[in-house]
Amino acid sequence: MTSESVTTPLASTLVDKEQAADHNDDSQEDISLGGSNDATSLSSLKAIRSENEDANETGQADRNDDVEEDPLLTRYHTACQKGDLATVKEMIHGKLLEVNKDGDSVEHITGLHWASINNRLSVVDFLVSQGADVNSRAGALHATPLHWAARYGYVYIVDFLLKHGADPTMTDDQGFNLLHLSVNSSNIMLVLYVLFSVVSKGLLDVDCQDPKGRTSLLWAAYQGDSLTVAVLLKFGANIKIADTEGFTPLHWGTVKGQPHVLKYLIQDGADFFQKTDAGKDCFAIAQEMNTVYSLREALIHSGFNNDGYPIKKWFKKSQHAKLVTFLTPFVFLGLAFALFSHVNPLFAIIVLFLLTLATNKGLNKLVLPSYGRMGIHNVTLLRSPLFSGVFFGSLLWVTIVWFFKVMPWTFADEPYTNILLLIVLLLVFYIFGQLVTSDPGCVPEETDHENVRQTISDLLEIGKFDTKNFCIETWARKPLRSRFSSLNNAVVARFDHYCPWIFNDVGLKNHKGFMFFITLMECGILTFFKLCLEYFDELEDSYEDRNQELGKCFILGHSDLCSGLRYDRFVFLVLLWALLQSIWVASLIFVQTFQIFKGMTNSEFNVLMKENKANGADGVSFNENFNTTPEGFAPSIELDEDNNNTVLAPVPGSTLRKPRTCFGVCFTVTGMDQWFAVVKETIGIKDSSGHNIYSITSKIPTNYGWRRNVKDFWLTSDVNAPLWRRILYSPTSSKALLNGTEVDYFKLYKLPVKEAEQGSDMV
């Protein structure tokens, strides 16, 4: 959201501004606000203008034609619009204008109105200090400066005016109060501010209605503003209140057809069979507004079929369905290995393909519907324990074939290697279980409204009240290096990445365990490979004793692998599958090690690469954080803190993703995409935008030199503990090392300062 100057001081300009939300293509004009038209049916739902609004605009245009502008007033209003504080002070102090008589002769629009609608906090501050009336009405809708600022989502102006006597309960001629206008702005930060600073204190009701009976939730649903809908529902907004035409929030949400809005409303218990005064339910509205697909998507996501009836669940508990998903790969892999071991490969491929389709269909139709539905993310196999089940099934088959086939043949010749593999397998099983159930470092959710208000106040004081620094889901301040996780429904401190192989996030408290896990996994695969070669050699000797000659195996020749393919294809296939896994595991170890040396997380590396591509495209930047900090505000903000947080900021285009191909999904799941990015970084290959990636990552704010970075990662902050304990144990609290000092990652709002000599130690 930008502070765009309104340079024409004519009241007719404001009529358009007052009647349209700047940040939404769908303003309140799109819903009838004037007298009801009984002849209007839902089949002709279009932009229905209020008779009163038409009259306001027509009359205003006529009046403006007859008004002779006062050059002095025009200069003053223009200065207020542009934030020219020097000119405003000169005119007020020079007695050229009186601060409470600075409105035009037609609609009495004051300098405070113009400064408010243009986010000119310095001018607003000065005018109020000179006695300007913060509750003066002006414009075609007789709105206050508070209304003008709220309509455009200017949080800092609204905050200042409220602290200096502005009345949040006042309404304009449309009957809109501060909460209605805040919702119309579609700035989630302003909505949160009003909810906690006004509604929570009892000054306004979250379900307050305008003259047409429309609540803030209804407006948000119509605008397709899923963020505001979610916050209002969390604040207790009533989903059953209907307007004067019998429309509930779900009805208007169906008109707009925003799937996320519909999901939130349906999950909160909205009745999709309820009819309007015209006798139409959501299904009829969806047909007429061509939003059937969105409604059906929301219904299926929420556990209903296309007709609105509950989908049959084969499992009473969500955990049982997840357990079936988790164990399915073990059975599937066993069948696949058996097929290729005993039947013709071509026939096995056909059967395996059909089996894959059947398994996918069965999981999607019979198992996934039993999952619990929370939030807006669709439940898919990619967001299920399926991949963690693939790993567990693979590990279990490796253990089975080693214990029952490989070990009996090789223990005599390789006793220590077998014991080593046993230890590694036990450790991998143990750490895997720990990682699946571990807390990655979730920052506690804030539920005390007083604490939330204080957090908002603190962020406003430093000009950082936006979605980058305040979590709109948990209502807590976001620490540096953190990220909100929809899986854990919490902000995860020092968030690294979501790992489908452990069905959990990797963060502050389990990152070190994850590194042990993948390292042991790679060691285990290599040890298993060595024992399998010994096993195949023993098989070859056994068959040679029986005078059975071994033929060539194409590219394998007369190697031990050929013996395995000939004499125990099942074990050979399990080994081949394990070796395939070792490729992406090795690349993951390489990527993670590189990022540890660089002192950054996987999430920070991704953001850095995306930011580079976005900046290299056309140099245009976009505000995705709902930040409305006025120009020149808060000069006391520390530059280091602001710069340190830039690598975590959302980047242009980060929400616009290209369609994923099957190959791309596989690369992402296995982490090979990260491997390619790191290789380019290591050897200094330029990216598609022509930037040298090394020059970008060399400026990472959390890079304190590779030695310091490695120590920060591998050592806990408990300096009194033995060294072995500091290395082997993961952080159990929110405290860890950063640049050699103990920091609380739950409250990390400023990074430790780099020493001058650390610059030469970078990697």
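Each residue, glycine too, has its Cβ placed from N, Cα and C.
Per Swiss-Prot, the topological domain holding Ser370 carries the same name as the one holding Ala490, which places both on one side of the membrane. Sequence-distant contacts of the topological domain 'Lumenal' (341-345) (same chain, six or more residues past either end, CB-CB distance under 8 Å): 351, 569-570, 573.
Residues 226, 259-260, 263-264, 267, 301-303, 311-318, 320-322, 324-325, 486-487, 489, 500, 665, 669 of the same chain, all 6+ positions outside the topological domain 'Cytoplasmic' (364-383), place their C-beta atoms under 8 angstroms from a C-beta of that stretch.
Long-range contacts of the topological domain 'Lumenal' (405-415) within its own chain (CB-CB distance under 8 A, at least 6 residues past either end) are made by residues 528, 530-532, 534-535, 538-539, 568, 571. The average pLDDT computed over the topological domain 'Cytoplasmic' (1-320) stands at 81. For the repeat 'ANK 4' (174-203), residue counts in helix, strand and coil come to 20 helix, 0 strand, 10 coil, using DSSP.
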